[in-house]
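What TrEMBL annotates here:
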type	residues	note
DOMAIN	B:57-390	domain 'Amidohydrolase-related'
BINDING	B:E138, B:H205, B:H226	Zn(2+) binding site
BINDING	B:A149, B:N229, B:A230, B:R237, B:H263, B:L319, B:C320, B:G321	substrate binding site
ACT_SITE	B:D285	active site, proton donor/acceptor
Amino acid sequence: MRLIILEDADVVADWAARFVLQRITQFAPGPGRRFVLGLPTGGTPLGMYRRLIQFHKEGRLSFQYVTTFNMDEYVGLPRDHPESYHYYMWNEFFKHIDIDPAQAHVLDGNAPDLVLECTRFERLIAQAGGVRLFVGGIGPDGHIAFNEPGSSLVSRTRVKTLAYDTLEANKRFFGNDISKVPRQALTVGVGTVMDAREVMILITGAHKALALAKAVEEGVNHMWTVSAFQQHAQTLFVCDEDATQELRVKTVKYFKALSDEHQKMIEGAPAGEALVLH
Amino acid sequence: MKGNSLIRIHECFILRNGKIIKEDLWIRNGVIVNPEQVFYLEQVEADITIKAFENLIIAPGFIDIQINGGWGIDFSYDSENVEEGVKTVAQKLLAHGVTSFCPTMVTSDKDKYAKILPKIKKSQGGRDGATVLGVHLEGPFICPAKKGAHADQYIRNPDKGLESLEEVYGSLDNVNIVTIAPELPGALDAIKGLTSKGIKVALGHSSASLAQGEEGVKSGANLITHLFNAMLPFHHRDPGLVGLLASATDKQVYYGIISDGIHTHPAALRIACRTNKEGLVLVSDAFAAQGLADGSYRIGPMAVSVENGRAYVAGTKTLCGSTTALDECVRTFKESIGCTLEYALEAASLHPAKALGIDHKKGNLNFGCDADFVVLNPTTLKVMSTWIAGEMVFIDEDISNIE
């Protein structure tokens, strides 16, 4: 497990985007050789998407041979509802890049048979050869995708009833009316993400500090589902200074001492050297 | 470009839901499509991506509900070759971003209605010209004291309601709007009769008190013809038709405004706009001299002289009609009242569409609406291109190659 501590959320967004650029470029996708990317939604990855769009517009990155799988989607929310993850992905990412629409997979929360939709999604991931890089964010309670506290750490893609806390936290997106917040979601399982060859988890802001500490300093625990990634062969936690507030000084110092090593992970990325990273 | 191609107009500033946003416009089969749906459900990409309009503004096509003619054509007078006349104007309007219009006939002899009205048919626009939504009949059922440039001798009362109108006009099949003075005997019955046939009624050329105006609205009228002009001036004890902008009736009343910089003072425009924001409809009220030089013209039976772009009834100082097309009215309006660009554009598109009850199809760029739109230069608001039902019907010579 690597923990990469960067100055602030903007630097995290830039670093994450350059890491994705680096991994796709290195893989050299082409006809019959697709790069499979897992993607999150929410506020944390927004900056990363904007940088990736910029790379695309500058001609440095093509998604023509990239296949994507999104982590989750609400159940029963119309596809074009501004809070649906379809809407988010289209407006914040897909419409700006050259991805093949048939290769951009988002769970269908309006499918007639939701269980079937979840198995279909797992099968599609398997058919694509598994996810090479899964990018994720976490909630303040340490959940990854909609795998809320108490979720099985070997779970697969499934229908999940949302915790009251999540409904309460999300009602601000639904006119502060908790009855309008969808009560169920489809989500990839912890096990689904664990199967990815590489995982990058973005954590920014002081309100995520406790979750980060639980994820990296304490034992694997299904009450903090993201802690499962301690046992993943290639996981990166990328966080900002604010998110380190609950970590031990020893932990922060240890990972900061490795920052030169971490920097090398994105240096293969061409151009854009004007941006100095810390 | 075939009609069923999926066209993506790349990175423009689109007027949608009252806001100008950086967005692509997707069209197919003559209507605006939801690209998110195309992406996820059909999983296809655009057949054609147009980049020539990048960073330009795309607004719904302008809708002119009061236009008497232009380029030498007078809809109320030229009873020979009516179709050709309408076609000429419809064609010329494309360069002004007008995608739909209501050819307007002023007070005329019964004989003129018989000759002209059946020949101005509602028609879908295209390369040959803007869509004809139906005729706007302004008079002869108006108040003689507020006749403006209308000919005295033809003005009459609708004593027998709708029957009186049909006696003068003949068939109402081609009619979309009738301007009528609500205080005339039989007028309220006529308004009820017209609106029950789906024809919109505008109140105007009238000496009506506010109470009479409100009766008109209760009977079905939802428009006021060229507010402030040809009606009683605002009075604080009886504000007249102008008072309808703030009356207690819960119905939205729309009002035409000629914003050529001549007919209405900017302060009066601001008063109207602040009182009843959603109801303001820009109209050109243009006549034959539109697009031509100063000189002698006519509106129906009246001789008109144009001096410095101002049209007067010949030998008088009575203002009549304008010589300004709707795109110019939008620019003048925005400058003179200092409103947002969004509002000025909606006043010439969404508001008239709502007044006519066609805003589910026209006057906005929502998904499923007709792909009638105008491409504008963001600073000068010059019309760069005009589209009707997904087809490009006008392109400015500054944009040579669009694909």
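Each residue, glycine too, has its Cβ placed from N, Cα and C.
Where the annotation comes from TrEMBL, it is an automatic prediction and has not been curated.
Here the features listed in TrEMBL are placed on the structure.
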residue	record	DSSP class
B:H205	Zn(2+) binding site	coil
B:H226	Zn(2+) binding site	coil
B:R237	substrate binding site	coil
B:H263	substrate binding site	coil
B:D285	active site, proton donor/acceptor	coil
B:L319	substrate binding site	strand
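The distance from the Cα of B:A230 (substrate binding site) to the Cα of B:H205 (Zn(2+) binding site) comes to 5 Å.
DSSP assigns B:A149 (substrate binding site) to coil in the three-state reduction, outside any helix or strand. B:E138 (Zn(2+) binding site) falls within a strand when secondary structure is assigned with DSSP. Spatial neighbours are here defined as Cα atoms within 10 angstroms of one another, and by that definition the neighbours of B:C320 (substrate binding site) among the recorded positions B:E138, B:H205, B:H226, B:D285 are B:D285. All chains included, 29 other C-beta atoms sit within 10 angstroms of the C-beta of B:E138 (Zn(2+) binding site). The distance from the Cα of B:E138 (Zn(2+) binding site) to the Cα of the residue listed as 'active site, proton donor/acceptor' comes to 11 Å. Site extent for substrate: among the recorded binding residues B:A149, B:N229, B:A230, B:R237, B:H263, B:L319, B:C320, B:G321, the largest C-alpha separation is 30 Å. You'll find the Cα of the residue listed as 'active site, proton donor/acceptor' roughly 14 Å from the Cα of B:H205 (Zn(2+) binding site). Geometry remark: B:A149 (substrate binding site) versus B:H226 (Zn(2+) binding site), CA distance 13 Å.
Close to the recorded Zn(2+) site, the chain also has B:Q66, B:G139, B:I142, B:G148, B:H150, B:T179, B:A202, B:G204, B:T225, B:N229, B:A230: residues not among B:E138, B:H205, B:H226 whose Cβ is within 8 Å of the site's Cβ mean position.
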